Amino acid sequence: MCGIVGYVGPQSALDVVMAGLKRLEYRGYDSAGVAVLADGGLATAKRAGKLVNLDKELSEHPLPAAATGIGHTRWATHGGPTDANAHPHLDNAGRVAVVHNGIIENFAPLRAELAERGHELPSETDTEVVAHLLAEEYSACADLAEAMRLVCGRLEGAFTLVAVHADAPDVVVGARRNSPLVVGVGEGEYFLASDVAAFIAHTRDAVELGQDQVVELRRDGVRVTGFDGSPADVRSYHVDWDASAAEKCGYASFMLKEIAEQPKAVADTLLGRIDGSGTLSLDEVRIPPGVLREVDKVVVVACGTAFHAGLIAKYAIEHWTRIPCEVELASEFRYRDPILDQQTLVVAISQSGETMDTLMALRHAREQGARVLAICNTNGSTIPRESDAVLYTHAGPEVAVASTKAFLTQLVACYLVALYLGQVRGTKYGDEIGDVVRDLSGISGAVERVLGTMDPVRQLARSLAHKNTVLFLGRHVGHPVALEGALKLKELAYMHAEGFAAGELKHGPIALIEEDLPVVVVVPSPRGRSVLHDKIVSNIQEIRARGARTIVIAEEGDEAVVPYADHLVRIPATPTLLQPLVATVPLQVFACELATARGNEVDQPRNLAKSVTVE
């Protein structure tokens, strides 16, 4: 959620930190601040609101030149979005500065202890206690990394901490527990950040920090230890995208750019995973085939858009493998005492690899003996590291808060998992699996075709900008697509939108239908299971008879829907189970255009964060 940047090196620390914070704006925030070490002391600036407010403060009251600094964009949890609650937080002497992501669950008793010892804590935040505790420990040991280890031993909750001390002018110290923090390694300079995007303009070499570790950056190197002080093994890796991938490149918004990048993202996610004979080759799936053959249940855990990918995966997994599949909201999973064992495969889906609810669900599953396969877009993140295996999507950085290309690549990865399980287990649908693999190989071109026909969708969206409600209907895999379309409209347009299984209309939702109410209907292919198609055509007739304005998404050549569609959006003919890959795209464009017409910020919708790293 929050964005954190730290820097030690020869450049202007303030310039590096501010540029890094701007690259992390997509994570969502409501205040920002910086601290630099200069002239034997600390200099800070912080302001509520967007970074432009902090820029203004810095132009009016410049900070001294410095080579060491930290910065933060805050998403309010404890205390409102005010100047006083913005980070960095200082001790009473103004010698320690701390920035923090996460929640310190035992901050209240710690705050009371500090108050009893005479500390004054003017903010409402949980973070402030850390600055005061660090000051106490540093006064005793004169070692900022050791002080951080001692303080972390007293904290409960999930947190990333980054701190500097005026007495250690070339040192930045960080710590992580259940919250992301990554080290950037440059030429004689080092970076700390909650996301590699913060330093990608300077280096693509990174170090992955493990759970309960403290890192110390100095001009001459990096040292990583556990909270207990023992040396820690770390993994270095090279980021496979550059700074231009996280820039708009002429598009009006990151979301529009990322929608347009979907054909390439889909193709990249398939690259190298299908050999010349049409056989799947998933070397990343380190779970032995013999173990996969013993799997008797699959459980998908995810949140938000990734949950909708999981709902679609259920249809594919059960059809191609004949293994029962459950799909769970990660935030609810561990609280209902799920039945798991060594024959259970848990698939954890997360774009960032740091989604806290999904991470906690994963850990619960492993405690019960289940195998965990992660589907993730972010190398070096926590969820892949703590899973038995990982299938990376290759969407590249997704900056807009509302997920688009990550969703399509998650779908591709889910299909690959389902097909691979079917291939390993030798199910009776083996011949069909070969056909589907060939269809998947051509899906990038189908997505490209959809994108080339979106002008009528944009025009329609603009004409509906004054509406307050839009409903979405679908059957089979079209139902999760309807849910995803509704979610996108909620996130971006701030309007009431609901997705329903079309067969549930008569069980309540039909009461919402009124004159000129826009209803988007995702129509399954008339080929194959034609009963699904026939029933949804009846649903369209039913709502249109009650005055609804029908917006119908149907494949090319489907003439049965034409008499009942007020607006018809054509998509390429695709096998039923793969249809979400093309049917979702018009809904993304629709939501983005409608939100823009309403004057909303599509890249950073209100109240939302890109990576939800707290429960």
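Using the three backbone atoms N, Cα and C, a Cβ is placed for every residue, glycine included.
Residues or ranges marked as active site, nucleophile in Swiss-Prot: Cys2. Feature annotation from Swiss-Prot assigns active site, for Fru-6P isomerization activity to Lys610; the stated evidence is sequence analysis. Taken from Swiss-Prot, the feature domain 'Glutamine amidotransferase type-2' applies to 2-220. Annotation comment: Swiss-Prot describes 287-427 as domain 'SIS 1'. Swiss-Prot lists 460-605 with the feature domain 'SIS 2'.
Of the listed active-site residues, namely Cys2, Lys610, the sparsest Cβ surroundings within 10 Å are found at Lys610. Summed and averaged per residue, pLDDT over the domain 'Glutamine amidotransferase type-2' (2-220) gives 94. Taking only the Cα positions, the spacing between the residue listed as 'active site, for Fru-6P isomerization activity' and the residue listed as 'active site, nucleophile' is 9 angstrom.
In terms of DSSP helix, strand and coil, the domain 'SIS 2' (460-605) has 69 helix, 29 strand, 48 coil.
Residue counts for the domain 'SIS 1' (287-427) under DSSP, split into helix (H, G, I), strand (E, B) and coil, are 67 helix, 28 strand, 46 coil.
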